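Going by TrEMBL, these are the annotated features:
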- 8-187: domain 'Thymidylate kinase-like' (DOMAIN)
- Gly10, Ile11, Asp12, Gly13, Ser14, Gly15, Lys16, Ser17: ATP binding site (BINDING)
Amino acid sequence: MPGKFIVFEGIDGSGKSTTITAVAERLNTAGYKTTQLREPTEKTDASREIRRILRTAESIDAKISRDLLELFLIDRLWDIKHQIEPAIRAGSIVLLDRYFISTSAYQAADTNETQKIMQDYLGDTRILRPDLVIYLNLPVATALRRLSGRGARDVFETEARLAGIASRYAAAMGYIQKTAPTIDVHEITHELTDKDFDSLATKISGATA
């Protein structure tokens, strides 16, 4: 039986990696096969260039933003073809840290551009649609507190930038719910506990029935 495609979204510091690890452990214990992935992939030239830009750029101007959009698309198409789709065909539940929703929140200048990016991705037949999106919509202050212990930050990890990204995330999620109702969106607005991880694993396993 084919697997499913689950995407985890949220601003930096929202707890995506921790949540994916905890949920994967529970799904594996319950007998499900899982594959944990993230974007950018770190396996393509495009992904390595993305990370170089984010580490070294002092700000993101219009040209850099356009370059990033192109690089993300190149890396994403590779990820779909070489990692996501093969894992799903093999019966795995793919747990992906960031997808095109993240691109629309981080690379857009405003909510209008967010909707344009979402429209382009949802209209692109090469882009695999997720079965479920887990949206960790935590307060910016909580995210910044977590990020403070990580050391070096990239260009997006400031309070003002994260607040803007959070507003664009809200626009992106609203656009999905309005134009792509077949994509199930599950929003979480609080810090997760073990009980929440259990509930998420149950929801995901139910989505794979």
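Placement of Cβ uses the backbone N, Cα and C atoms for every residue, glycine included.
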Count of other CB atoms lying within 10 Å of the CB belonging to Ser17 (ATP binding site): 12
Winner by Cβ contact number (other Cβ atoms within 10 Å) across the binding-site residues Gly10, Gly13, Gly15: Gly10
Cβ-centroid neighbourhood (8 Å) of the ATP site, Gly10, Ile11, Asp12, Gly13, Ser14, Gly15, Lys16, Ser17 excluded: Leu136, Leu138, Ala143, Arg146
Reduced DSSP assignment, Asp12 (ATP binding site): coil
Distant-in-sequence Cβ neighbours of Ser14 (ATP binding site), under 8 Å, six or more positions away: Leu136, Asn137, Leu138, Thr142, Ala143
CB within-chain contacts under 8 A for Ile11 (ATP binding site), separation at least 6: Ala105, Leu138, Val140, Ala143, Leu162, Ile165, Ala166, Tyr169
Those residues of the chain, 6+ apart, with a Cβ under 8 Å from that of Lys16 (ATP binding site): Phe8, Glu9, Gly10, Asp97, Arg98, Leu136
Where Ser17 (ATP binding site) sits in the secondary structure, as DSSP reduces it to three classes: helix
